[in-house]
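Peer 1: Following this message is one structure expressed as structure tokens.
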Amino acid sequence: MSLTRRFSLTLLLLLPLLTSLLAAIPVLQANLSPAPSSSPGPGVRILRAPESTVAPPGDEVVFVCETSLPPEYFEWSYASSRSHPPRFKYLKSSSAKANHNITITHNNDISKLRVIVRPETLGEYRCVAWFGPLAVTSTTARLEMASISGDGADTDQRAHWRVAAGNTVLWHCGQVASNPAPSWSFYYNDNEMPPASTLSDSNGTLLLPHVSAASSGSYSCVATNTASGVRLALPSRLELQVPAAALASTAPALLNGQRVRTQVFAKAGETVLLLCPGVGYPPPTAVWSSPNVPGAVYNNRTRVLPYGLQISALQPLDAGTYICYLDNGIRPALEHFIELVVQKSPRILRPPTANLTNEGERMQLECEATGMPKPEIYWLLNGESSVYDVEAEQVPNGHLILHSVQKRHAGYVQCFARNSLGEHSAGTLLQVNPKQLPDGEGTGMDSGRSSARPTHSRKQKQQTQMVPPSAPNVTRLSDESVMLRWHVVRNDGLPIQFFKVQYRMLTESGKRKSWQTTNENIPYGRQRHESGAGVRNFTSSVTGLKPNSSYRFRIMAVYSNNDNKESNTSGKFFLQRGAALAPLAVPELVDIEEYSQTAVVLHWRLSSDADEQLISGYYAYYRPSASAGEYLKATIDGAKSRSFQISALEPGTIYEFKLQSFSAVAASEFSALKQGRTQRPRASSTPQPVLHAVDTTTPSHNETFNMNPMLTGTIGGGALLVLLVISACLCLCRRRSSRGNNPQHKPRLAELREDFVPLNTCSPNKPRTRHIHITLNPLAQQQQQQQQQQLQQQQHDEKEAQDNDMGYFQRQPVVYDAETLGFNGLARMSSSSLRRSQRTLERAAAGGGSGGNNNNLNQPGDGSLANSADSPRLQASNKPGRVILKRARLSSRSENLSSGSLNSVGV
């Protein structure tokens, strides 16, 4: 085997090793210490949810729903107040047109629902905004009818009070049932009192501070429904008598029939007044204290009044028991215990989080909320209540358990907390990885099936299984482009060579267009990074789309057997025109850290942490600054991420980076370009090669190798060093071989042979390759000619003995030094001129010393030279003839050869 072939085989053996080493280098690697982040939401939220309303019959109520980004379309759901428990149903546009009580209008990111207040329209309403396959639901708005009615217990109730001057009189007018809460009007001697002269609350209590003789008279009240304007006059009356003369001293006490509120409810942020009723003479003074609310009485938010304690900007920590002491120096003092309950709207403290979940697995979603009264928690799965899902169970603490996650659960999962004061919601994006069915058991959606013959070997069936990628997640990049993200789970199926992206436009008429395939081949080994649990993510963009159109996308995987299989189809995606979209926050690249020779760490920030609610993640773009090629892309999930490591870079190279935030329906503008450099290679002496044990275990093709960058560089450098050593050895061996084949005493013979091409002829025994040898004619001294004749005679005798056995021989050519003989080169000659020269030599040898000759053929010894050297060749008539072909590329150095300069022609 020649040296060249050995070297080629060596390279072939080394190439797979180098390829495997290079493939083991991770392309993208997550940050070593990432900050904990919640699962990404859909990137959209309800900015303005419909509000609960109380209206009189026949009025028109408008519910308004506004989203942060324009959805694909709006829907409204309704649950009648007559159904227990309430069951929501969607209000279709067709039914809304037929029903004159309901009208639905949409305008970009705002939807309005107009409802005529009637008994059949009372209930709860929700707004549902659809963003492709995601349904984001608003909080519930209640529609109630205004009403007011009196309490029969207070009928014909009259009070007669005699009070000393200077006291504060608190009179409770009566109790009414009103929705909404009524406003109160008081009358003194049947004349309405101005509001500024009275102090009252929503419970119908009249406060008359520092009464005097002028305060004596008859008092009554009227309750008015603020929504309908209906007035209700209560029959209760107060006959108050304030003597002008002084009365006897009395201890503080309650008047006959006077009420004391021992429990007060107030909302956080409002101003509350705790009343301390009681009269005496002299008028008593109130002293306040609280055993379980330290510092609540004497602070900048409280004010002690003669008739009560006023607390402004109420906070939950103000809740507790308050004690009022009425004392005028006469024992016993009057004591009241009042419990203050601070009500608060619900607020979710711990929203649910969800990651990629395999179909059939068990999942628990947690949701913790606060509020007063204690909020009730319920769940919606893509707008549908979890109560009607057989796989869902809500435990007493409010958490939701999905015993077996199904594909229908994929989408937006929302947790709602509500009480009498309001409602609050939070959600998360739930992604479901469907089960991989064996070949032949699909649902008919996969068109790329393997054409291999079925086999009974289970092992072989697993090896030929083609595991498809996941359905792509779609994000808007511009008016004409989207970004697709998909993943491949670790498996034992066939290796994937590359991906193709397919998309299809959906028309309003429902007519489907054919699938379009992009031109780009997305290699399996490019643009990937690990997201944990053996999942490899991929990213690609699709351009040339039409705005305000709906599309579906899917990923086609091409495997090592040149067969293909497609992923599940994405949900319907509506490509919204950018002018109608609210801009997302643009991340700011703060620093690019030189992490290693092949990796850098990006650090960025947002202008406000509140922008995280609209963001699902970030796209990182990078390329060498000296290149104008396409940017490489990386996907960073999680709005709370603030750093990310990008590896597999060139050592000591400057790169340019830019970031872009994205949500489910849009992407932000690019951040400003920022350059960063990887660490330069460290200058060190060449270490001695160290042999390491090689693990021959072949990993799965979908398995990621997380190698240290220093180890990766060492392996690559060692491989290059081995290649350099082999190349040097090859060059040295080839040089020695060339020296052995070209002796120094025949420097021009090879050049002469290159100028002639032999013609193969058929031998009686076997085909032979004919060689032509042309030797220079001796034109030098007689001594040199005689020495040459002796050498030729010896060669002739040796080869003549071999001729009888071989049937063919090739005479060793006689070589003369052309420079010594004075030749400058060879002249171009045809085969006929060669034969004439040969015959001339023969006649010269036969004629002895006849004639003068320039070639010294008349010298003694010429005849013997011709007979001994040339005649055996000329007389070998039984040998096949030689035909000499002249090459068209005869070099110029042979153009000086004359017809008389040839000594012999070997045939």
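For all residues, glycine too, the Cβ spot is worked out from N, Cα and C.
According to Swiss-Prot, the record shows the following:
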- 462-474: compositional bias 'Polar residues' (COMPBIAS)
- 676-688: compositional bias 'Polar residues' (COMPBIAS)
- 865-878: compositional bias 'Polar residues' (COMPBIAS)
- 152-233: domain 'Ig-like C2-type 2' (DOMAIN)
- 252-340: domain 'Ig-like C2-type 3' (DOMAIN)
- 346-433: domain 'Ig-like C2-type 4' (DOMAIN)
- N101: N-linked glycosylation site (CARBOHYD)
- N203: N-linked glycosylation site (CARBOHYD)
- N300: N-linked glycosylation site (CARBOHYD)
- N355: N-linked glycosylation site (CARBOHYD)
- N473: N-linked glycosylation site (CARBOHYD)
- N537: N-linked glycosylation site (CARBOHYD)
- N548: N-linked glycosylation site (CARBOHYD)
- N568: N-linked glycosylation site (CARBOHYD)
- N702: N-linked glycosylation site (CARBOHYD)
- 1-23: signal peptide (SIGNAL)
- 24-709: topological domain 'Extracellular' (TOPO_DOM)
- 731-907: topological domain 'Cytoplasmic' (TOPO_DOM)
Peer 1: What residue among the glycosylation sites N355, N473, N548 has the most other CB atoms lying within 10 A of its CB?
Peer 2: N473
Peer 1: Counting other Cβ atoms within 10 Å of each residue's Cβ, which of the glycosylation sites N101, N203, N300, N537 comes out lowest?
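Peer 2: Least crowded of the glycosylation sites N101, N203, N300, N537, by Cβ count within 10 Å, is N300.
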Peer 1: Including all protein chains displayed, how many Cβ atoms other than that of N568 (N-linked glycosylation site) lie within 10 Å of its Cβ?
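Peer 2: Its Cβ has 18 other Cβ atoms within 10 Å.
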Peer 1: Just the number: how many Å between the Cα atoms of N548 (N-linked glycosylation site) and N101 (N-linked glycosylation site)?
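Peer 2: Here the two Cα atoms lie 32 Å apart.
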Peer 1: To the nearest whole angstrom, what is the C-alpha distance linking N537 (N-linked glycosylation site) and N203 (N-linked glycosylation site)?
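Peer 2: Cα of N537 (N-linked glycosylation site) to Cα of N203 (N-linked glycosylation site) measures 63 Å after rounding.
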Peer 1: How many of the residues that make up the domain 'Ig-like C2-type 3' (252-340) does DSSP mark as helix, as strand and as coil?
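Peer 2: Grouping H, G, I as helix and E, B as strand yields 3 helix, 42 strand, 44 coil.
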Peer 1: How would DSSP class N473 (N-linked glycosylation site) in three states?
Peer 2: strand
Peer 1: Select the closest residue to N473 (N-linked glycosylation site) from the following glycosylation sites, measuring between CA atoms: N101, N203, N300.
Peer 2: N101
Peer 1: Expressed to the nearest Å, what is the distance separating N568 (N-linked glycosylation site) and N355 (N-linked glycosylation site) at their Cα atoms?
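Peer 2: If we compare the Cα positions of N568 (N-linked glycosylation site) and N355 (N-linked glycosylation site), the gap is 19 Å.
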Peer 1: Looking at the glycosylation sites listed here (N101, N203, N300), whose Cα lies nearest to that of N355 (N-linked glycosylation site)?
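Peer 2: Nearest listed residue in space: N101.
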Peer 1: Restricting attention to the domain 'Ig-like C2-type 2' (152-233), give the mean pLDDT.
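Peer 2: For the domain 'Ig-like C2-type 2' (152-233), the model's average pLDDT rounds to 84.
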Peer 1: Whole-number answer please: how many Å between the C-alpha atoms of N101 (N-linked glycosylation site) and N300 (N-linked glycosylation site)?
Peer 2: 51
Peer 1: At the Cα level, what's the spacing in Å between N203 (N-linked glycosylation site) and N300 (N-linked glycosylation site), rounded?
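Peer 2: Between the Cα atoms of N203 (N-linked glycosylation site) and N300 (N-linked glycosylation site), the distance comes to 27 Å.
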Peer 1: Could you check what DSSP calls N101 (N-linked glycosylation site) once collapsed to helix, strand or coil?
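Peer 2: DSSP assigns N101 (N-linked glycosylation site) to coil.
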Peer 1: As a quick check of your reading of DSSP, tell me how many residues in the domain 'Ig-like C2-type 4' (346-433) are helical, how many are strand and how many are coil.
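Peer 2: Helix (H, G, I), strand (E, B), coil: 6 helix, 51 strand, 31 coil.
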Peer 1: DSSP three-state call for N203 (N-linked glycosylation site): helix, strand or coil?
Peer 2: coil
